[in-house]
Amino acid sequence: MEGPANMHQPQRQSPKAVFLILLKYGRIIISTIWPILLVVLINPASHKGIIITIIVFGVAFLSLVYSILSYLKFYFFIQDDELCVRSGVIRKKILNVPFDRIQSIDFRQNLIHQFLNVVSVRVDTAGSKGIELELDAVDRHRAEELREIVLAYKRTKSNSTNVNSELLSDTSDESLAPELILTLSPKDLIKIGMSENHLRTAGIVFAFFLSIADDINQVLGWDVYGKLEDTTSSISLLGIFATIIAIPLFIGISFLITLVRTVLRYYGLKFWRVGQNFKVVSGLIIRNEKTIQKSKIQLIRWMTSPLKQIFGIYQLNIYQATNMEHQKDKSLVIPGCYQQQVDGTLDMTVPDFRKAVFSTHKMDISIVIRMVFLFGFIPALVFGIMAWRNEGFMQWFLTLIFPIAIIMGYAYQKKRRLKIHPDYILSEAGIFGRSYKLVEIHKIQTVQIHSSPVQRMRGLSSLHIFTAGGDISFPYLKDEIARQARNYIMYRVERDKASWM
Amino acid sequence: MSIKEELFTNPQLNIQHLPDADLLEMVRLEPAYKTVRYISSALISFIVVFVSWFALTIQFKEWPYSVSLFIFIVLISVWSILYSGIAYRYMGYALREKDISFKSGWLWRSMTTVPFSRVQHCDIKQGLIDRRFGLSRLTIYTAGGQSTDLMIPGLLPDTAERLKSFILKSTEQSTEERV
């Protein structure tokens with residue numbers, strides 16, 4: 001590594017940044033003027049076409065000049081434990097971000113970044129809306145150097161201020177040795193892709209199909225809906241044939257899309273522990289590198305589905321403190337973990353968790369009645385009335401949702417559990433699969449208790465526990481237990497001197 | 001169920017003896033706030049009834065459907081006005097040394113408890129109707145997201161100000177203790 005001293009000198013981004021900035025502007029410009037371009041392309045010979053071509057070239061030239069200028073005017077450096085950026089072609093802009101306020105420094109690479117071996121750096125801060133600062137293209141080693149300086153600052157800071165820092169006492173010796181926890185091979189990717197939630201993709205595909213059908217209706221004057229209705233409602237041979245072909249095709253398309261999405265998102269995923277941080281690098285076209293400080297973790301979730309169970313894999317999500325809009329963006333998602341990796345990660349973050357003895361609380365059986373009523377009885381009633389009025393044979397099948405809802409309601413109630421330990425709260429759920437959410441009690445922000453008239457009649461209430469990185473909800477819990485849990489959480493949160501972030 | 005349920009299988013401390021936020025005496029909101037609630041829910045109901053009447057007379061002329069739907073909407077609106085008045089009686093806040101709780105709702109009740117050590121910031125606002133009746137509302141923000149922000153309406157401006165400074169002072173104290 002080069003000496004960190006030169007980070008204190010104002011410096012430009014990598015010269016390759018010009019290219020990326022140009023692309024950025026180019027994309028914005030093209031996305032705004034594409035209708036004009038389309039006209040030119042369709043009718044290049046017209047008189048108007050020539051003028052427009054000139055304009056387009058003019059704009060392109062200007063944006064090239066602007067890109068170069070903004071590259072030349074963009075400086076970043078470190079000064080007095082602050083990350084500073086000086087920029088602006090016409091108006092000068094100066095931005096200072098104190099290290100204390102930096103939440104995370106993440107790297108991102110799209111294909112061009114990867115090709116040029118540079119990264120875009122995103123610096124997030126606490127409390128503000130989203131990304132505070134973005135550097136378009138920085139040489140990889142530079143970016144890492146920058147991050148190391150910030151992290152080193154944070155380490156010394158927490159060492160000097162935390163009096164009872166057993167957590168941080170061993171940081172110095174192991175801080176820089178990265179430990180690879182998981183790496184996904186192409187085989188793993190296929191396993192993950194096969195076991196993803198295909199129903200969700202099917203929903204998206206279906207919605208897409210409907211929107212296209214709408215467009216076709218409008219543009220071509222075809223009545224797609226009418227045709228569909230013809231084929232589905234008449235029990236003709238053709239209709240049945242079409243359905244038999246359409247359903248597997250539909251499933252096949254959904255399956256393929258999920259697989260492609262999985263590969264794009266998780267290609268070459270590597271999950272590391274670097275000292276007191278977790279790091280995940282993944283992605284094929286856009287390569288993301290995200291880091292979470294262990295102390296900033298608010299909630300850990302791991303889950304498996306029946307399909308995932310066949311392969312014995314879990315998806316692990318690690319949530320950190322952030323404003324809610326960016327929750328998805330800022331959490332670490334590690335699919336394809338085996339039990340061993342899940343356990344290993346838990347051991348590193350919440351050391352006593354796996355040895356902990358929990359008191360277990362179940363959901364009251366009356367939740368089944370509620371679920372069956374909402375998701376079984378009412379839909380079945382609606383479908384039943386529809387079938388009766390339309391005399392539709394197929395629609396009677398839909399009333400089968402009622403018995404299905406009963407079975408699912410029971411399965412849900414049976415598997416739903418709230419487990420409480422003096423230091424942790426664990427929520428278990430899943431009808432077919434299994435999903436776990438874990439919070440450390442001293443990270444809890446707020447507790448809410450709700451109750452409906454029905455719940456009160458049976459002495460029940462719903463417990464909601466909020467952290468800065470997600471929440472745990474547990475309805476239909478014995479009121480007494482919910483209140484005791486709330487009182488205990490408050491007791492702990494108000495006495496515990498440990499910081500929640 | 002005969003077995004006495006306990007929070008923990010091996011309690012380190014007696015959970016039953018922890019201070020129970022539910023046993024606190026709630027401070028009721030200002031009586032004028034009841035009027036504010038009536039007015040605001042009446043306004044909303046009026047708009048809903050008016051719009052639906054307008055829409056129904058234009059769209060559907062078949063009387064059994066449209067009239068029964070309209071009557072349904074009117075009933076719901078009247079109910080919501082009455083509910084807002086009744087629910088007022090169930091609203092209140094309770095202050096402890098280290099946290100604040102807020103209760104609301106008549107049929108669907110809820111109680112939110114926020115420890116001072118988790119408060120991010122507070123603000124005091126006055127709605128249009130609030131101002132007419134000389135009331136303020138205090139909102140307490142935590143990092144737990146929007147649904148956990150605690151809003152206490154129907155406070156006298158002076159009370160709101162005092163509450164706010166007490167909370168902020170306590171928050172500051174707890175951060176100092178934490179170091």
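Just so you know, glycine gets a Cβ as well, placed from its N, Cα and C.
Where the annotation comes from TrEMBL, it is an automatic prediction and has not been curated.
Over in TrEMBL, the protein carries these features:
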type: DOMAIN; residues: A:73-149; note: domain 'YdbS-like PH'
type: DOMAIN; residues: A:266-320; note: domain 'YdbS-like PH'
type: DOMAIN; residues: A:417-489; note: domain 'YdbS-like PH'
type: TRANSMEM; residues: A:21-43; note: transmembrane segment
type: TRANSMEM; residues: A:49-69; note: transmembrane segment
type: TRANSMEM; residues: A:233-260; note: transmembrane segment
type: TRANSMEM; residues: A:367-387; note: transmembrane segment
type: TRANSMEM; residues: A:393-412; note: transmembrane segment
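Sequence-distant contacts of the transmembrane segment (A:367-387), counting only residues of its own chain at least 6 positions beyond either end whose CB sits under 8 Å from a CB of the stretch, comprise 395-396, 398-399, 401-406, 408-410, 412-413, 416, 454, 475-476. The residues of the domain 'YdbS-like PH' (A:73-149), classed with DSSP into helix (H, G, I), strand (E, B) and coil, number 19 helix, 42 strand, 16 coil. Looking only at the domain 'YdbS-like PH' (A:417-489), the predicted model's pLDDT averages out at 93.
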